[in-house]
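Step one of this worksheet: look at the structure below.
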Ligand code: SF4
Ligand code: MSK
């Protein structure tokens, strides 16, 4: 065994399950991470290239060996190309998710997707208006079909702009136009990343990085925003709701179904099927007291914020959930699903069910989801889980006690609604200095750093200093587990923020959803900037991803700085092998988009950096420090 469990995570439930894994002789991501040590130095620095078969090539970072690849590519070129490919993969993941959401929406409009309906007609009409589609004299389904078709066209468009990018303040749009990074079509930018990074195409690091920003904008203000908005139309725009978080939400006497991944398209149906009286009766017949659905990662966030379905944990807890011995079915769709789950599920009675036509894993039971029969598939999945209950070995059940309450579901609409339909009260609080600014803290877990340590400490430090925090993804789940999403967490906030939260009955950390829902943060930032008549880069705001690991996080980081928000990364991106790329990302890009990256693994120091930036922006707006 590797490190002491307390060094691996700050979360007591996670520690308990790591001890259980140890006792059972079961390997987790932390053990596999230890076995990878020392990790490849060339990879860490980003200086290895496999883009053609003259390679692989790598640059000697000590300047004693090769300083170019076979084709002549330098470390700067190789690092920039690799980063661009990471952005392309991340933008593709978000945007392909969005495409599937729109396709489901289209099938619903055509009457071919049983179980789906328009849940937020007002939002649909507002989106339709952005495209100049009038609902006058037409059925909601007719409007939905036309909207679905124009949304689909955003992916394959050859010339911009992508419509939702026009939600950005006019000043931000001119920044993009001036820099030549206003995206054209979502797919076009991603394809062009792959073209430019092919051997012998784009070999100027700055030119490559600018295209990375353009591609990332097509994700944040394109693919991700489309996913968020269409899902709101189909499943409802979130409003605040109470729920629970951490592995303690699993039930010792009920059938436990975990939904994991990123797309709510099927999990929404699973939630519905699990409430079906026929299924509940079957569960009772099998000896259980009922059916309990919980979530992991962002599929979990999606059903958490719309239905109050508890979240069992964040990224690094997916294996631990199975190790509780109490999970009848781990149902996955796409993204952030460890292939290790197949083997692991085989050590328990858990059925590892994969549902996406795009994502198969070793050791899964495939129950492919298609919109036309989503509800039927969901019922089959729930039935398979229920019928698996008698296979549970009570002697192996070990559910940690820990769970925490949380208040979630702060969509931009819900936040503005709570403020009386205008950002003015938030602006007033910022102007008076009661709230110093807004910190957006997001992103994954990563065994390179102590699980949840960066997330929870950074957020605590920000609220203590009167910075209102908005959160999504695995940071949101870490905050939920630490009790920071409860209104009572206001007592941890500074003297300015605390009374505001107490008066409104809201936590100082607002859960805005899943990873694609960082688009909600962009919409909120645009609303604030537009209200003040300034650019997003003028706002007293800063972002952070303390424990990021995925390529999606690279795309997110890029579109957040491209939107004008300074961002602190807690784990080091693979760019340090290029002095030029490192300098552009941490300094030079500021002159282009008004924001840059910093890297700071210590969450307390990261908070200081964010607060200093917020102070600087306050000064820029003529506000007191
Ligand atoms: Fe090597 Fe150039 Fe081929 Fe990359 S593209 S593998 S650096 S020869
Ligand atoms: S799930 S992308 S580990 S935040 Fe969205 Fe968590 Fe990162 Fe996946």
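Keep in mind that glycine also has a Cβ here, set from the backbone N, Cα and C atoms.
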Site co-member for [4Fe-4S] cluster 2 according to TrEMBL, given 49, 52, 57, out of 40, 71: 71
Site-mate of 298, 336, 444, 474, 515 for [Ni-4Fe-4S] cluster in TrEMBL, selected among 260, 262, 370: 262
Between residue 48 ([4Fe-4S] cluster 1 binding site) and residue 262 ([Ni-4Fe-4S] cluster binding site): CA-CA distance (Å): 30
Residue 52 ([4Fe-4S] cluster 2 binding site) and residue 298 ([Ni-4Fe-4S] cluster binding site), Cα-Cα, nearest whole angstrom: 35
Output field, [4Fe-4S] cluster 2 shell: CB within 8 Å of site CB centroid, site 49, 52, 57, 71 dropped: 50, 51, 54, 55, 56, 69, 70, 73, 78, 199
Cβ-based neighbourhood (8 Å from the centroid) of the [Ni-4Fe-4S] cluster site, residues 262, 298, 336, 444, 474, 515 excluded: 297, 301, 315, 335, 473, 514, 550, 552
Residue 474 ([Ni-4Fe-4S] cluster binding site) to residue 40 ([4Fe-4S] cluster 1 binding site) - Cα separation in whole Å: 27
Binding-site residues whose CB lies under 6 angstroms from ligand 1, from 49, 52, 57, 71, 262: 49, 52, 57, 71
